[in-house]
Amino acid sequence: MQISIIQKGLEGWRGSILVFGLLEGALESQLNALKEICTPASLAKALQDKEFVGKQGDLQSFQLIGKEPREIVLIGLGSAEKLVLDDLRKATAISCRKVIGQEGTLGILLPWDIFDSDIAAKAVGEAVILSFFKDNRFQKDPKQKKLPNKLELLGLPESSQKYLSEIVPICSGVKLARELVGAPPNSLTPSALANQAKEIANQFGLEAKILGQEECQAKNMGAFLAVSQGSDLSPKFIHLTYRAKGEIKRRIAMVGKGLTFDSGGYNLKVGASQIEMMKYDMGGSAAVIGAARAIGELAPSGVEIHFLVATCENMINGSAVHPGDIVKASNGTTIEINNTDAEGRLTLADALTYACELKPDAIVDLATLTGACVIALGEELAGLWTNSKHLSKELKESAEACGEGLWEMPLQDSYKEGLKSMLADIKNTGPRAGGSITAALFLKEFIKEDIAWAHIDIAGTCWTDKDRGINPAGATGFGVRTLVNWASRSINP
């Protein structure tokens, strides 16, 4: 989609569809701006059809016969005093769903001056592209609905144009993550995920290293390989590297959980555990690879970034790991596996150990790790655990800037008692109470004390069963935009 700024606003504008945002109250004075393109009589008639007062979510549209624009969509924004940036994203998404099926030039006019206009322009541009997303790759005869092919943001200063260049790369990363999560497990295998990572590396000049089973064995990745041994498909360890040109001010690592399918192993997923949805157990790896795609194109300065994924399936065969087995991670820690369905943390144990060996300034891992996090925070907030106040601040600011919900949770050290094993150094699960906290504490065992680390549990946020904000039903691509924002902020630690 081509995106541009039209400084003059509605003066002389003749696009195909106009989205016009209205604040609650004083509608008449705001609607005066539309006199450039339609008569007061047509406006009055449209508003008589349905009560429209400008509340958030109020929506009204009407057509102009024989004129351009051919349709005007009025969207309520609510009170100016309560309006936040994410309200613009949501209003934009609602409006975009209204115009699916139409083509041409989409113009959007909102009260930009309430916010930093540059930031608002970027937020709205992202909302348009991401709300139009539709994944129909696996249909015999996909019906491609018509969509606008041009977006014009009306009434913004020309200076905002430079920020628009970031929109398409970021949205391309999010869309890639959505496609990866949405792909069925017979399509997205560990090898297919590794091949996708290599394609990203080749396209954007990243370094790529893919380790097979023997190479992982040579690195003593006993925890990761224990999970993979029940599958007929070979595990892969993915390592992409982005290095900015010039001076490197900060080295960071992004680690994603990459279970392309999770049966639960011998602790088989049954009943309400939604085994049929366990294709999305690689949502963390999708976010990391999507971020790699966006960062590769954006090419931020001053930073070196390592993207790491240990990918495999968790299946059942004669070689599958047993409940009660003891395995050794690559840092030497022995782990009693008291639940084979707590496999993601086993793969992450070796991935985080590998990340620490790169001596980064900070590590962030993303994982669809626990149902406990979903129970605690629902489907709009991801959980954040970290050993660094500064990293916490960076990530929360990065998430807030793009409208991704992040809520910090405690690393309650006393809960580590629940991970004690009679035989090994540690168990892979603790008691049911505080399950998301003990999962984070388990991961912390594989982080060196001098490295800033954060764990983000995206179990509730990587998928939505219904349209929500800028996310159509399906995979959300959650985490990509937060990671990209964090990468750009990382040059000023």
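Yeah, the Cβs are placed from backbone N, Cα and C, and that goes for glycine too.
Cross-referencing D262, D365, D413, D425 against the Mn(2+) 1 binding annotation in Swiss-Prot, which names D341, E343, picks out D262. Just one of D232, D281, D361, D450 is listed by Swiss-Prot for the same Mn(2+) 2 site as K257, D262, E343, and that one is D281. Each residue contributes its Cα atom, and for D281 (Mn(2+) 2 binding site) and K269 (active site) those atoms are 13 Å apart. Calculated from their C-alpha atoms, the gap between E343 (Mn(2+) 2 binding site) and K269 (active site) amounts to 12 Å. Taking the Cα of R345 (active site) as the reference point, the closest of the recorded positions K257, D262, K269 is K257. The Mn(2+) 2 site is set by K257, D262, D281, E343; from the centre of their CB atoms, other residues of the chain with a CB within 8 Å are V227, G258, L259, M278, M282, N314, G344, T347, A367, T368.
Other C-beta atoms found within 10 angstroms of the C-beta of E343 (Mn(2+) 2 binding site) number 29, with every protein chain shown included.
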